[in-house]
Each structure stands twice: as C-alpha cells, then as structure tokens.
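**Q** The domain 'Phosphoribosyltransferase' annotation in TrEMBL covers 6-207. What TrEMBL records for Arg78, Arg103, Asp130, Pro131, Met132, Leu133, Ala134, Thr135, Gly136, Asn137, Ser138, Asp199 is 5-phospho-alpha-D-ribose 1-diphosphate binding site. The annotation uracil binding site is assigned in TrEMBL to Ile193, Gly198, Asp199, Ala200.
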Amino acid sequence: MTLTIVDHPLVQHKLSLMRDKSTPTNQFRQLLREISHLIAYEVTRDLPLELCDIETPMRSMQAPVLTGKKLALVSILRAGNGLLDGVLELIPSARVGFVGLYRDEETLQPVQYYFKVPDDLQNRVVIAVDPMLATGNSSVAAIDLLKQAGARNVKFLCLLAAPEGIARMQEAHPDVDITTAAVDDCLSDIGYILPGLGDAGDRMFGTK
Ligand code: URA
C-alpha cells in the first residue's frame, strides 16, 4: 500500500478552514469541492498518456492525451458524495457507483443498505471516495463489496485519515493505495477522528 498525503499549502489551508467548527455549511461544501479537485489531481497522477496527432493553429504536433483507460468513481454514501462531485468535475467521463453503508453507532460496524456500480468494474481503475477514514470498517467493507463485484484495481481517496483506519485498510486491502489530505492523531472512544472535523456528512449537509 502507498499512502500519499497531499501536503500542498492550498490543501492544508482549506482543510484548516473545514476543521473550524465556526465554518458554516455553505462554506464547508464549497471548500470540500475545491479541495477535492486538488486531491483528485494527485490520485490521478499516474493515469497513462498516449500521443495523438493534432493541428495547433501554427503546425501539427503529437500531443499527450489520456489513453482513455476506464475509470469508475465510487462514492461511499453519504459523505462520499461531497468528494465525488468535485472529482467528477475533473474527470467528467468517469462512470459512477454508490455503496450505501451506515455505521451502527453501538458496534461501529458498517451495515449495507445500497449497492449500485458499473457492471464492468474488472476493466476499470476504481477510485473509492469517502472523506473520513476513521475506524476503517466502512471503507474496508465497501472495498470488500467492490472486489466481490469484480474490481481488481482500487484506489481510496479521503480527506482525513486516522492511523487506526490506515492500519485496518493495510491489513485488509494491502493492494489499495490511499490518498489523503492529512493523517490525524487518533480516534475518540466513539470512533470519531481527533482532532478531525466532526461528522463530515452533518457538516456538508447541515444535519445534526
Ligand atoms: N465519520 C465522520 O464523519 N467523522 C469522523 O470523525 C469519523 C467518521
């Protein structure tokens, strides 16, 4: 597993604003959109290019373009949708899937309620998105489901990760690379990331 921390100053600045509890929902959403562009830039860094013949207004040239390697973005509901929107703006032709999992507040275990993904996952680079890698239980369960559906090349994109979640992913899915904006200190006794930013879904949708 490769862990990439996107430590660009713009990402770190926007993340600090998102962490601040006085940041209102509309600004939180806008920041998430902006930051997701920047981390999507990093997660797509190794997409293959090929040369294509084009004519500029001046002369012909061979210009690099994406090979058209097939991508699928999979949002782990519901907070994943906030990241998904921004990533899709950069990769508008990607296919999109959704995995619905909620966290049982007592056991902290994921419970599945929805699963809909493109049917040719085995031929795609699959980027699973969820802003918070906390216990890792939901992310691991979502990737289990994606692999059962045929996915062979999965990357995981998040905003914040806890060391516990990274360890859990490494143990369950050592082949899955993780890209995140920061690795925080630890988990609280109810499985929240510390210092974190609170409940990402609540912060982005204005719920409590
Ligand atoms: N999910 C969240 O939204 N926040 C956390 O801190 C942990 C899991």
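Just so you know, glycine gets a Cβ as well, placed from its N, Cα and C.
TrEMBL annotations: computationally assigned, not manually curated.
As the structure is a computational prediction, the values presented were derived from the model and not from experiment.
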**Q** Can you name the binding-site residues among Arg78, Asp130, Met132, Ala134, Gly136, Ser138 whose CA is within 10 A of the CA of Asp199 (uracil binding site)?
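**A** So the list reads Met132.
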**Q** When the Cα of Asp130 (5-phospho-alpha-D-ribose 1-diphosphate binding site) is compared with the Cα of each of the binding-site residues Ile193, Gly198, Ala200, which one is closest?
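**A** Of the binding-site residues Ile193, Gly198, Ala200, Ala200 has its Cα closest to that of Asp130 (5-phospho-alpha-D-ribose 1-diphosphate binding site).
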**Q** Given the recorded uracil site (Ile193, Gly198, Asp199, Ala200), which additional residues of the same chain have their Cβ within 8 Å of the Cβ centre, ordered by sequence?
**A** Pro131, Met132, Leu160, Tyr192, Gly196, Leu197, Gly201, Asp202, Arg203
**Q** Highest Cβ count within 10 Å among the binding-site residues Asp130, Asp199: which residue is it?
**A** Asp130
**Q** Taking only the binding-site residues Met132, Ala134, Gly136, Ser138, which have a CB closer than 6 angstroms to any atom that belongs to ligand 1?
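**A** Correct list: Met132, Ala134.
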**Q** Enumerate same-chain residues with a sequence separation of six or more from Ile193 (uracil binding site) and a Cβ-Cβ distance below 8 A; give 'none' if the list is empty.
**A** Met132, Ala134, Leu160, Ala161, Ala162, Asp184, Leu187
